[in-house]
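In what follows, a single structure is set out as C-alpha cells and then discussed.
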Amino acid sequence: MGGTLVPTTTKSEPPSPRPPMESTAPSIPPPPPMPPSLMEEEPSEADIDKDVLCPICMQIIKDAFMTACGHSFCYMCILTHLRNKSDCPCCSRYLTNNHIFPNLLLNKLLKKISARQSARNASPVENLRQTILQGCEVSAKELDSLLSLLVDKKMKMEQSEAETNMQILLDFLNCLRKKKLEELTQIQNDLQYIKEDTTAVKKRTMELYTAKERCSMNLRMLVDDFSAEKPLPSLIDQYNNGAISGGRNSQGWIGSAKSQSRVSLKDQANSPGFRSKDANGGSDSTCNIDSGLTVARKRRIHAQFNDLQECYLQKRQHWTKQFNKQEDEGPTAMDLDGYNPGLQDFQAVLTTFTRYSRLRVIAELRHGDIFHSANIVSSIEFDRDDEMFAIAGVSRRIKVFEFSAIVNEPADVHCPIVEMSTRSKLSCLSWNKYTKNHIASCDYDGIVTVWDITTRQSLMEYEEHEKRAWSVDFSRTEPSMLVSGSDDCKVKVWCTKQEASVLNIDMKANICSVKYNPGSSVHVAVGSADHRVHYYDLRNISKPLYVFGGHKKAVSYVKFLSNHELASASTDSTLRLWDVKENLPLRTFKGHKNEKNFVGLTVNSEFIACGSETNEVFAYHKAISKPAASYKFGSDMAGVDEEAGSYFISAVCWKSDSPTLLVANSQGTIKVLVLAA
C-alpha cells in the first residue's frame, strides 16, 4: 500500500494518485482512500508490514494519527517527537500538537488487516468458533451434519491416539524385553563362567587334597617304618646273646613285632587327634589361628563383594574375548584341566586383596625440628636397589638415609648418610635407574639438577624453566634422559650429556607431574592443571597421543604400574587408573581427601598408595575402588595435640613390589609401614 498512508523516509518518491474523498471535517485534510491495489488484489504480508510501519519507531502503527502534511504515525511516537521538536519527522514542515488528527480510516484498515491475518493464522476450529460466536445463521440440518462430522472426527482421532499410545507401549515393551533378554543372556553367560570355574576349583581342590593325603600317607609310612625298625637292635642283641634260639623263631618274632607295630601306629595315625594335628600343621592353636584368619579374609570379601564381583566378571569376559580371537590356536589358550586364565587372574587379585587389611608401623624417623613448618617433605624416593631412600622438601636439603639402619637400628635420631644443600625449596626427586649414585631434583626456582651423592656435588644444572618446576623423572630404558614439568606450562626433555634441553612441549596449563613409561624412552605421561592427563609420543609432539579426561580438578601426580597401566591423582579427591595401550579408563578410586595439597602418590604392580589431608595414608588394590588399608598418623600416640588435624600426608613411596611403604607428613615425620593381615 503506497502513498501518504505509510510514507517512506525518502522524499524523492512521488505519492501514488488517489481518488478524491469527502472530508469528515472542514479543518481536517481529507483522509486517503483505499488504493485500487487493495481492492483488486490482496498484498503480501511482507508488503503490508512494510507499508504500515511508523516512520519513527519502525513498528506497525498503533493508534494512528495523521499530520496536516499527510503523514501517519503512532500517536505516542509523534506526541513524544513534538515535545522536543516542532517539525514533521518525514518532511520537516512546521508542526505542532494542533496539527495532528486521528486517522480513522487507517485505524480501521489496520484492524481489518490484523483480523485477516489472525483468521489466516487461526486454526479451522477457531474460525468455526468465531463464526458461531459472531451469530452466523445456521440451520438445524446443517448443525446436525456438522455435529455428525465432528463426532466421526473425534472417534477417528481417539482411535488414532489409542493406536499411537498402544504402539508406543508396544515399542517400550519390546525394548524392555530385548534389554532383559540381553541381561538374561549375560547372566546365563556369567552363570556358565561360575559353573565352569566352580568345577575347575573343585577339581583343583581335590587334586590338592589328594596330594595332601598322599603326603600324609607317606609321612605315616615313614613313621611306621621308623617305629617298626626301632626294636631291631635289641632283638639282634638278644639273638647274639643267645636269649632267642633258632633263626626261624627269631625271624618270625621279628616279623610279628613289625606287623604289630604297624597296626598300632596305623591306628594312632588314623585316629581323629592325629589327623587333626597333621591337617592343621601340628597343633590346635595353629588351627584356631588359621580359622581366625580365614574368617577375617571372608569378611573382607563380603565387605567388597560388589567390586570383587565386577572384577571377576571383567577378567572372565576379557579372557573369553581373547579365546574367541584365538580359537584356532587350540587348547594352548587354556589349561587342559579347564582352569581359565581369567579365573587365575582373579584368584591372584582375591588372594592379594584379602591378605592385607591394615598398615602397621615397623619403624619411624624424625629429622630436624619436628615443630617447624619448614620440615614438610615434598618427595621421598627409594634408590635403584631399595637400599637407600632420599627425602627433599622445603628445608632446601636432600637427605639420603640407609633403609636397613632405619628399620633394624631403632634410635631417637637417625643421621643421613648424605646431605646436600640447595638454593631453593625442592619439589621432586628421581633416582637414576642405572647409575646408583645419581639423583635428579627440581625446585621452586625452576632449576633441574642432577647430583652425584658420592661426591655430594651437582653434575648438571638446567635453568630453562621460567617458573617453579613441580616434577622430574629419569627414563628407565635410557638412563641419560630425564623429563621435567613446570608452572611455565612447558615440558622439557633433557640429556645428561648436553647442557640444554633436547625437546620442549608447550602446553596451555601448568604442569604438575611428568613420568616416563617404564617400558619406553619415547612415551611420557603429563598431569596438567587442565584436569587431564596427556600421553605423548616424543617422536611427534605436535599433539598428544591420547588425552585422558575425567578428573574435575588439577591432576597432581601420574605414575605407571606397568607398561600399559597409568595411575593419576587429582585434587578432586580421586585416583584414576588408565590403560595407555587401549586408551581406556579402567577404574576410579575414592576414600581419601585431597582438595588443595600435594599428598603424594606411589604404585607397585598390585597396589596404589596416596596420602590424605586427614593426615592418613590409604592403600588401594588396583582392581578394587575402595581402600584396602589405611593408617592415620598419631593414631598410636596418646595425647595428640589439637594442631595434628592441620597436618597432611605429603609424600609416599613403595619399596619396589614389597608390602613396605615409606610415608612422610607435613610435620616432617617419616614412618615405615607394612601391609599386614
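Just so you know, glycine gets a Cβ as well, placed from its N, Cα and C.
For 27-36, the entry in TrEMBL reads compositional bias 'Pro residues'.
Across all of the domain 'RING-type' (54-92), the predicted model scores a mean pLDDT of 89. Here TrEMBL flags 54-92 as domain 'RING-type'.
Per TrEMBL, the feature region 'Disordered' maps to 1-44.
Per TrEMBL, the feature repeat 'WD' maps to 462-494 (among others). Outside the repeat 'WD' (462-494), and at least 6 residues removed from its termini, the chain residues within Cβ reach (under 8 Å) are 427-435, 440-450, 500-516, 518-521, 524, 526-527, 536, 538.
Here TrEMBL flags 548-588 (among others) as repeat 'WD'. For the repeat 'WD' (548-588), DSSP puts the residue distribution at 0 helix, 25 strand, 16 coil.
For the repeat 'WD' (462-494), DSSP puts the residue distribution at 0 helix, 18 strand, 15 coil.
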